[in-house]
Amino acid sequence: MSTRPAGLSKKKFSPFKTFGALGALAAITICLFVQLPGLSVEGTRMFGIFLAAILLWVSEAVPLAGTAVLVIFLEVLFISDHALLEVAKGAPAYTKFFGALANPVIILFLGGFMVADGAAKYKLDRALSAVLLKPFIGKPRLTVLGVMLITAIMSMFMSNTATTATMFAVMMPVIMALPEGKARTGIALSIPVAANVGGMGTPVGTPPNAIALGALENAGVNVTFLQWMLAAVPLMLVLLALSWAFIAWRYIPTDAKFNIDTSARFEKSRNAIIFYCVAGLTILLWMTESLHHISSNIVGFLPVVVLLMTKVMSGDDLRALDWPVLWLVAGGIALGSGVSATGLDKWMLGSIDWTSIPGLLLILVLALVGWVTSNVISHSASANLLVPMGMGLAVSVSSGAAEIAIVIALGCSLGMCLPISTPPNAIAYSTGTTPTREMAIVGVIVGLIGIVLLAFAAPLTWGVIGIK
């Protein structure tokens, strides 16, 4: 509760945010009364909603989750079978858009959040970090490799933000004990880089992955938890190794001294042991979907049910979950549904002969667009805007829908050039140990390497594991 007297709180005027808000209002208003050539009435209205979403997500005139729920509300009001204005026969059911809030991918992510928050509550994250770092202590560059590897592994199942905060809690005494200079900068930068790269590894690692899966599920394309990992983990490990090599070469002298506290211990209370078992079983079931054929989305609800029923997690823990992120993902799923249902995707992409672009070059371009966009607006917002367009593109090119959606999602995760690009970068910058120039250098190098790896890995290897 704020102690500031009422009326004294002042917010700085932002022309950019004002432009975003007014532009969004204009886009919606114009598209309600003007029909674009070659596009249906519903498609034109959806175009206005799409433009408004872009302007609001880029300008952040309202919170990102606020824009997401606005998208759902506007779709129900203007293009659904319960629209306030006249729509064509066969308009999408309004439940299709409201249903995005309980889409199976949202349930999957909810389960991931429950596991991640439980790990923090019972200090499993700290204990794992301490145990896993022990083999790397002694040689400074190996220590950085250990930090990056542990951060990436944790980020595969926890949010990138929570992982980064945890690792900085463990490593800040080490970082601050170093003299100001390259070594301090290098180890501080290694954490957000590893968190961003690690989030690529699983469907629950980061919101763009969930957005891509949601769009694919709506299109009737199934990508299992294991298939995603088989596609993304090798790429993640190679990129992580190359990122470490660059950071170690540029920043970490071979004679640097790191003093790391590895005294954290695993809790042995009843609740902690139940949590360990449930989290372990959930992850095991996610990774073996092809054996038991239980959807990873259904498995995602297991920790929610069991942890609440056994009182391992409480109502307060449930309220503390990152609901705005879940709603942001839901907004992206609804946006994709609207773009597809109204034919807007075909209209926007129809002016370019995509079939003339070689598959390898197309993947390179899509990854590059995802990377550039996610450096200046959030990864989630970038994926929300780009994945629906990519899904529309899939019908006219040789690359499949799954390949395109996953490439865009992973390309969005590569955006890490600026403090504003992603929360892990913002956390690192807030420590005062990572100059923006150095963050940009590392972000550009890691991003470009990742794009090149994506461009070759997707068309050459993903078909073998059934991603097309």
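Each residue, glycine too, has its Cβ placed from N, Cα and C.
Any TrEMBL annotation is an automated prediction that lacks curation.
Taken from TrEMBL, the feature transmembrane segment applies to 21-40 (among others).
The annotation transmembrane segment is assigned in TrEMBL to 46-79 (among others). Residues of the same chain lying 6 or more positions beyond the ends of the transmembrane segment (46-79) and with a Cβ under 8 Å from any Cβ of it are 16-21, 23-25, 27-32, 36, 39, 85, 87, 91-92, 94, 97-98, 100-101, 323-325, 327-332, 334-335, 337-339, 341-342, 344, 347-348, 376-378, 380-381, 384-385.
For the transmembrane segment (100-122), same-chain residues at least 6 beyond its ends with a Cβ under 8 Å from one of its own Cβ atoms are 72, 157-159, 162, 166, 203-204, 207, 210, 213-214, 217, 267, 269, 271-272, 275-276, 278-279, 282-283, 295-304, 307, 312-313, 317, 320-322, 325-327, 329-331, 333-334, 337. Marked as transmembrane segment by TrEMBL: 100-122 (among others).
Beyond the transmembrane segment (142-175), the same-chain residues lying 6 or more positions past its ends with a Cβ under 8 Å from any Cβ of the stretch are 112-113, 115-117, 119-120, 125-126, 128-130, 132-133, 135-136, 184, 186-188, 190-199, 201-202, 204-206, 236, 240, 243-244, 247-248, 252, 258-261, 264, 283, 322, 325, 422-424, 427-428, 431, 433. For 142-175 (among others), the entry in TrEMBL reads transmembrane segment.
Using a Cβ-Cβ cut-off under 8 Å and counting only residues 6 or more beyond its ends in the same chain, the transmembrane segment (187-205) has close neighbours at 105, 108-109, 111-112, 144, 147-149, 151-157, 160-161, 163-164, 167-168, 171, 174-175, 178, 213, 223, 225, 228-229, 232-233, 235-236, 239-240, 243-244, 247, 251-252, 258, 286, 296, 300, 410, 413-414, 416, 422, 424-425, 427-428, 431, 433-434, 438-439, 442, 446, 450. The transmembrane segment annotation in TrEMBL covers 187-205 (among others).
Marked as transmembrane segment by TrEMBL: 225-249 (among others).
Residues or ranges marked as transmembrane segment in TrEMBL: 270-288 (among others).
What TrEMBL lists as transmembrane segment is 325-344 (among others).
Outside the transmembrane segment (356-377), and at least 6 residues removed from its termini, the chain residues within Cβ reach (under 8 Å) are 57-58, 208, 383, 385-386, 390, 397-399, 403-404, 407-418, 420-422, 443, 447, 450-452, 454-456, 458-459. The transmembrane segment annotation in TrEMBL covers 356-377 (among others).
Per TrEMBL, the feature transmembrane segment maps to 389-421 (among others).
The transmembrane segment annotation in TrEMBL covers 441-465 (among others).
Long-range neighbours of the transmembrane segment (389-421) within the same chain, counting only residues 6 or more positions beyond its ends whose Cβ lies under 8 Å from a Cβ of the stretch, are 192-193, 196-197, 199-200, 206, 208-209, 211-213, 215-216, 219, 221, 223, 228, 231-232, 235, 336, 339-340, 344-346, 348-349, 354-355, 357, 359, 362-363, 366-376, 379, 382-383, 428-429, 436, 439-440, 442-444, 446-447, 450-451, 454, 458-459, 462, 467-468.
When each of 21-40, 225-249, 270-288, 441-465 is checked for Cβ pairs under 8 Å to the transmembrane segment (325-344), 21-40 comes out on top. Residues 47-49, 51-53, 55-56, 59, 61-62, 74, 78, 85, 88, 342-344, 347, 350 of the same chain, all 6+ positions outside the transmembrane segment (21-40), place their C-beta atoms under 8 angstroms from a C-beta of that stretch.
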